[in-house]
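J.: Have a look at this one.
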Amino acid sequence: MEEKFRKDHCMLLNKDEENELEIFGYKVQGCRKALCIAGCILSCGALLLLFYWKPEWDVWANCIPCSLEVADVVLLRTTDEFQRYTRKKVTCIDLSTLLLPEGSKTDSPLVADKDSVINRAIMKPQLKMRCIQVQKIRYTWDFSVKEFKKVGSLEDSNTCHNIHHKFGAGLRREEQKMRQLVCGPNAIEVEIRPIWKLLFKEILNPFYVFQAFTLTLWLSQGYIEYSVAIIILSVISIGLTVYDLRQQSTKLHDLVEAHNKVEVTVCTKNEGCKKLESRYLVPGDMFLLDGKKLSLPCDAVLIDGSCIVNEGMLTGESIPVTKTPLPLTESSMPWKTHSMEDYRRHVLFCGTEVIQAKPTGRGPVRAVVLQTGFNTAKGDLVRSILYPKPMNFKLYRDAFKFIIGLSLIGVLGLIYTVCVFVYHKKPVAEVVTMALLLFTVSVPPAIPAALTTGIVYAQRRLKKKKIFCISPQRINICGQINLVCFDKTGTLTEDGLDLWGVIPSEGSRFQKIHKFPSSTPLPWGPVCGAMVSCHSLVVLDEKIQGDPLDLKMFEATHWEIEDCSTAQDGAGAFDTCIVRPGPKASTAPVEGIAILHQFPFSSGLQRMSVVTQKIGKEQYDLYMKGAPETVTSFCRQETVPANFLKELKTHTSQGFRVIALAHKVLNLGGDADVCNLKREVAESDLEFLGLLVMENRLKRETEPVLRELAAARIRSVMVTGDNLQTAVTVARSAGLVRGASRVILVEASEPEGSAPASLSWQLVEDSKANTAGPSEICVNTEEKEILEGETCNYHFAMDGKTYQIIIKHFYSLLPKILVNGTVFARMSPAQKSSLVEEFQKLNYYVGMCGDGANDCGALKMAHAGISLSEQEASVASPFTSQIPNIQCVPELIREGRAALVASFGVVKYLTLYGLIQLFGTALLFWQVQIFGNYQYLIQDVVITLLVCLTMSLTEAYPKLAPYRPPGQLISPPLLLSIVLNVCFTVVMQTCGFLLVKQQPWYTELASQRHCSLGNQTQTSTSPGGNSTTSSDDSSVLSYEDTTLWPLSSINCIIVAFVFSKGKPFRKPIYTNYVFSVLLALQLGICLFLFFADIDAVYSGMQFLCTPVIWRVYVLLMLLVTFCVSFFTEDVILQNKHLWLLLKKWFGFQSKSQYRKWQRKLQKDPNWPPLNAKDFATKNTNEVYINPIYEHNEGD
């Protein structure tokens, strides 16, 4: 019973998806609610504030657990390590307001699609639906499966036949209205958040609440100047934050607003077609594409006709993509499964632009709405911006622990104050006030803000270098990156491919290579026929556009695309693209070729085909091009040359990209409908025509950048969709595989029959082709220590198919392979994301640099994804570089390291400032005294605040150090730095406090502020002098106060200087002119106030005059503190060699998973295996990856 209740009370929402959530059902209980209201009133709103910060406490206090079916409140919890809670109210949608068709029964389906979740979610006979809205997505309670299901999408269970027949003619008007009510408007509405809401949210931040409490305390004590200064600064800070958030909200609103106002032609059953605003579209609607340019307002599946679409908004590439209609088949499989991962070729995604619509003979281009609003591809991108995934970075968790630690010190100060003031028999009000005062001194509320200052300045510097960032929190994480995955084409190599040559095949033998550019044009023949017709090029605005590879191939033939239009023949209209020989082309016995139908390229199939007809001839031809291994599998084996693999390897090993061509004469009748030709039938028994060899040159910047990363001990890995042999060659020429390092090819085979899955390890033959000196092969001694014996003489290379088999059958071997895996070829987008995730599991901080097209998943998955795009900011990745080469990678790492070190420096400084002030105040409290208002004001505003604002302005050091800065605040060097500096402060202030009491001119109560002219050694007054002072002055005026103030104030300047270390992660402090000048000015002001001998200054600052010799002694104490602090920080704590030596002595070893594996493998004499074969055991721990991703996604 209890088990059943737990199951009904708690479930998973979006199971196995990226945004998976746990959902708990609760019901509000009257008496609990009444008690909570009373508690809020009695606590003057404090309980309400606590509930605002902790929504789960609000639900637990007000409600009782119950089944989700009857819950009126749900509590959502993320399933990641952060376990964040959200409270949502369950609402009801009343469908009884809709006019149901005459004679309809309430027990019959209200929606024509019987499988629709809407039918299963309606409570009868009330005609109501229970729903919740989570992150802009609506979920309704499905009574049949007893869980919340997403609405706003057409069910994936629909078959191709269902989509054509259920929705091909449109929906009924009544059903449209019902779906509109249930699914909501088809609009991606981003609210421009009202200023009062933003202000309210910012003010209720726990740190601002703590600051408000502190200020109230200060104001009650009459510290008006300081409080006003802090209030002004807080108002400016909150104002700037609110302004920034408002600007972001407005930008995003403007970006998506146009999407909501598109006019489309929608068809309904029995009512025909009419124009409608896109916000009224619902899943299942059928709309027409009339050929005009259109920004798609929803995700839709094409059911008739074809389209050319610009998907730049989704992929970052403005290459026209051809979309084909969903086939009308009787298959019982869901339509996505039927099309495998190629279902995308039938889908028009929201936000993409239809450039051209090509109707068939059956009428206009038709599409059925799949998803609306935030369920769409564009909606998903907008939601990822509105609800970013929190980054798990120790810095922020450590900062919170740090604040807790300081709070505990503050509590000790509070107890100390209570004891001292009670001992001196002070009034209770004064005891409480002073105790709270000392507590607030210990916790600088600016710590969280201080962590962001370095990020803000780094973001500004990155913007100057044309690197844009939509997730600033990740800049600090960039400082920890120790592995970067690079895409190949367009990232390491030039974006465009140059046609190097064609190797024709005749009589199953390769012929002489025809090289390009050539003085003689390519002679007419089947190869030429394939090159002029087997492409997806289109003419747009009188310019040929399409895939760069297709463009290079077509231009080499000197043919011309005459027209892409709707031509007429007896059978009706069909789309035809005509190509004709140009003036420079070789003579051909044909007037031209009409491209009648296209089977588009897809990443899963690794090929494309076209059906063509020579003008004036009846014969139909099919041409295919694609990956050589794939194309030859469709060819008759007798047409494939015996030395095919050898020829292929010859060119791929030189870094060329090779494409195979094939041909077949189609035996179709004169009135054949080529548009309905089945692909699997057409693409069989082909004749192999030859190989296209494309040259892909390395970018000029690639080698030096990879050398720089290698020198900084940052691993570089290639993750590409290209051929494995080509990838290995490019890796060698780029320097990813250095010198005489061996490349071990890992190949896996799926289990066949009774034979288990196998894994073979083979040395790549040409690995000894290059030789290098020992300096190139292994790292120097210092780096060896850093790497803790990392090996560097071999690299693993594999393709996507092998990677998938390893994950499924050899998962235990994966970490061993990954620690030395360098080349991953033929990788699909899903496999790229999976690889990044597996590297992260080994505790690598992973950067991913790609062209933003097929790398979107990996770019989002990585700690720092950098898209090389001309767009100012890409929603596909946290970082976008407008400069299209990999120079942005070291730049980003440099800035990340500088920002990280700056954040640590500011946090350390603020901690010391709080503890310096705490100890100074505690010493004065010993004799029931306190620093004066202006004394606090100079420390808090003139020194500390300005230091925090300018300390992080120091720029990144131009050279990457061969090690990373500490990644956490709670690490031995950082904690030691703080503890030792606190000890120096305590010793110095205690000495000053005790020594001043030993001076011959010292008196406990003094009132004479001015210094007598000519008498610099004696300024004592009688105790009776105190009778002229006010009670406020008596709590400030003392020789102890006059001594401790310069000691603590100048100590703050000293630690600011000491913690602003330059090399190896930042430039020297003197390059930060603002900060250097500011420190000099602050020191000057403090010395002036201390040495001024001006009555007005002493009166204002509440100082007593002391002999000059004593002031010199104070300066000497400060000088000694500076020397000791600087020496400790610079020579001991920042000494990398010393720490490495200590680690060695104490046997400390890195706990990172990849380091553990490196140490383990170094001791394994049988690793790496060579010319060996492993077999999977039956009880292998299998990790499943979607089997549809077996091949690559082209770079």
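The backbone N, Cα and C atoms fix where each Cβ goes, and this holds for glycine too.
The compositional bias 'Low complexity' annotation in TrEMBL covers 1016-1035. The domain 'P5B-type ATPase N-terminal' annotation in TrEMBL covers 17-142. Look at TrEMBL and you will find 167-213 tagged as domain 'Cation-transporting P-type ATPase N-terminal'. Feature annotation from TrEMBL assigns domain 'P-type ATPase A' to 262-385. Marked as region 'Disordered' by TrEMBL: 1014-1035. What TrEMBL lists as transmembrane segment is 34-53, 226-245, 399-423, 435-458, 910-928, 934-953, 974-996, 1043-1060, 1072-1092, 1112-1133.
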J.: So what's near the transmembrane segment (1112-1133) in sequence-distant terms, Cβ-Cβ under 8 Å and 6+ beyond its ends?
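T.: The answer is 973, 976-977, 980-981, 984-985, 988, 991-992, 995, 1043, 1046-1047, 1050-1051, 1054-1055, 1057-1059, 1061, 1090.
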J.: Looking at the stretches 226-245, 910-928, 934-953, 1043-1060, 1072-1092, which one shares the most CB pairs under 8 Å with the transmembrane segment (399-423)?
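T.: Most Cβ pairs under 8 Å with the transmembrane segment (399-423) come from 910-928.
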J.: As a test: from 226-245, 910-928, 934-953, 974-996, pick the stretch that has the greatest number of Cβ pairs under 8 Å with the transmembrane segment (1072-1092).
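T.: When the Cβ pairs under 8 Å are tallied, 934-953 comes out ahead.
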J.: On average, what pLDDT score does this prediction assign to the domain 'P-type ATPase A' (262-385)?
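T.: Mean model confidence (pLDDT) across the domain 'P-type ATPase A' (262-385) is 80.
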J.: Of the listed stretches 910-928, 934-953, 974-996, which one has the most C-beta pairs under 8 A with the transmembrane segment (226-245)?
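T.: Going through each listed stretch, the top one turns out to be 934-953.
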J.: Within the same chain, where does the transmembrane segment (934-953) have neighbours whose Cβ lies under 8 angstroms from its own Cβ atoms, ignoring anything closer than 6 residues to its ends? I mean 6 or more beyond.
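T.: For the transmembrane segment (934-953), the list is 223, 225-226, 229-230, 233, 444, 446, 449-450, 453-454, 456-457, 899, 902-903, 905-906, 909-910, 913, 917, 1036, 1041, 1045, 1048-1049, 1052-1053, 1056, 1059-1060, 1072, 1074-1075, 1078-1079, 1082, 1085-1086, 1089, 1100-1102.
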J.: Summarise the domain 'P-type ATPase A' (262-385) by DSSP state, stating how many residues are helix, strand and coil.
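T.: Taking each residue of the domain 'P-type ATPase A' (262-385) in turn, the totals are 30 helix, 51 strand, 43 coil.
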J.: Could you put numbers on the helix, strand and coil content of the domain 'Cation-transporting P-type ATPase N-terminal' (167-213), residue by residue per DSSP?
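T.: Helix (H, G, I), strand (E, B), coil: 29 helix, 1 strand, 17 coil.
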